[in-house]
Amino acid sequence: MAGFRLLVGLGNPGSEYENTRHNAGAQWIEALARQSQCSLRSEKKFFGQFGKVYIAGEECYLLIPTTYMNLSGKAVQAVCQFYKIPPEEVLVIHDELDIPPGTAKLKQGGGHGGHNGLKDIISKLANNREFGRLRIGIGHPGHASQVANYVLKKAAPDDYTKIEQAIDESLRYVDDIVRGNLNAVMNQLHSFKA
């Protein structure tokens, strides 16, 4: 399969949302930028923090939308149109309620699973669902009525450490992820649990 040219980390802007569960995707991009010595800068035309980096010899774009989560598609659409990137070459990194903290799962395509950021991205990419997803586990609060409050809060210290460990572990495979070697990554990453 073709690799990924645009890596998008979802989150909400502002210091009040920093290190909340919902910002796990943005944390992943920030960690990759540090690891790659890439400076993310505010880019108005892309509605987010943006940077260019070489990974596995390929030029890739890093994006953290600075819209709110439910408007993330606007930023993804802007970068895709400007650089002519098809949805299949986009990887969205996001928090995932359905897997526990300390785990991360990679897949190509799929639905939105109730995630408002994914829902908006699908809508802005003309209902194309074929972009990749790296799902960072944050766990579930137990009842659907608690989800909105849960994702906007900081994780307990033990869970936060596990989320960071899953981010670090998944970053070990970034070269293979960018190259599109998803099966190789899945075989390793899906067995990891912090």
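Quick reminder: no glycine exception, Cβ is built from N, Cα and C everywhere.
Every protein chain shown contributes to the tally, and the Cβ of Asn12 (site 'Discriminates between blocked and unblocked aminoacyl-tRNA') ends up with 21 other Cβ atoms within 10 Å. Annotation source Swiss-Prot lists site 'Discriminates between blocked and unblocked aminoacyl-tRNA' at Asn12, citing sequence analysis.
According to Swiss-Prot, the feature tRNA binding site maps to Tyr17, Tyr68, Asn70, Asn116. In the three-state DSSP scheme, Asn116 (tRNA binding site) falls into the helix class.
Annotation comment: Swiss-Prot describes His22 as active site, proton acceptor. Under 8 Å, Cβ to Cβ, and six or more positions away along its own chain, His22 (active site, proton acceptor) finds Leu10, Gly11, Asn12, Met69, Asp95, Val151, Leu152.
Every protein chain considered, the tally of other Cβ atoms within 10 Å of the Cβ of Asp95 (site 'Stabilizes the basic form of H active site to accept a proton') stands at 28. The site 'Stabilizes the basic form of H active site to accept a proton' feature in Swiss-Prot is assigned to Asp95; the stated evidence is sequence analysis.
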Specify the secondary structure state of Asn12 (site 'Discriminates between blocked and unblocked aminoacyl-tRNA') as given by DSSP, simplified to three classes.
coil
According to DSSP, Tyr68 (tRNA binding site) sits in coil
Those binding-site residues listed as Asn70, Asn116, and which of them has the most Cβ atoms within 10 Å of its own Cβ
Asn116
Tyr17, Tyr68: which of these binding-site residues has the highest Cβ count within 10 Å of its own Cβ?
Tyr17
Across the listed tRNA-binding residues, Tyr17, Tyr68, Asn70, Asn116, what is the farthest Cα to Cα distance, given in whole Å?
16
Which residues, same chain and not among Tyr17, Tyr68, Asn70, Asn116, have a CB within 8 angstroms of the centroid of the CB atoms at the recorded tRNA site?
Asn12, His22, Thr67, Met69, Leu71, Ser72, Gly117
